[in-house]
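Contents: one structure, followed by commentary.
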Amino acid sequence: MGGVLGDPPRGPGARVNWLLVVAGAAVGAPLRYLTDRAVQSRRGGADAVFPWGTFTVNAAACLVLGVLSGALLAGALPSQLGLLLGTGLCGALSTYSTFSYETLRLAERGWTFLAAANVAASVLVGLGAVHLGSEAARLLLG
């Protein structure tokens, strides 16, 4: 993972790091699709107005990334798990582009309140999930 959680891969281990990201993404992308479809179907299927599936996968990815980052910062996990689970799994599980598209579609259809609620709830729940996960990991592992 980049930024605070790790440096960009360089040197002989770069190929392994790249494969870790690919492996995580190979699980995260289908998991996102299957979770989105399952949640949406329980919330009205094609007739559902609010994008519950996207909201759910983004919140779940934030929680997982929070736990992972807390564990990494506590030194309880090897940095390679950050690449596998953070960059790969969570990166493919979450979807900012779909969130943006679905929010735009709500606004275009005249559901301005739902569009604003989607933005507010997604940001607040996402930040809350990352914080909750990170603090839980730090308390348990730090």
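Note: Cβ is positioned from N, Cα and C throughout, glycine not excepted.
Caution: TrEMBL annotation is automatic and unverified by curators.
The Na(+) binding site feature in TrEMBL is assigned to Gly91, Ser94. Cβ contacts within 10 Å of Gly91 (Na(+) binding site), excluding its own Cβ and spanning all protein chains shown: 19. Secondary structure at Gly91 (Na(+) binding site), taken from DSSP and collapsed to helix, strand or coil, is helix.
Beyond its flanks by at least six residues, the transmembrane segment (16-34) meets 9, 57, 61, 80, 83-95 of its own chain at Cβ-Cβ distances under 8 Å. For 16-34 (among others), the entry in TrEMBL reads transmembrane segment.
Per TrEMBL, the feature transmembrane segment maps to 55-75 (among others).
TrEMBL lists 81-99 (among others) with the feature transmembrane segment.
Marked as transmembrane segment by TrEMBL: 111-132 (among others).
If you look at the transmembrane segment (55-75), the same-chain residues 6 or more away from its ends with a CB under 8 A from one of its CBs are 1, 5, 28, 31-32, 35-36, 39, 81-82, 85-86, 89-90, 93-96, 99, 118, 121-122, 125-127, 129-138, 141-142. Long-range C-beta contacts of Ser94 (Na(+) binding site), restricted to its own chain and to partners at least six residues apart, with a cutoff below 8 Å, comprise Arg32, Val57, Asn58, Ala61, Cys62.
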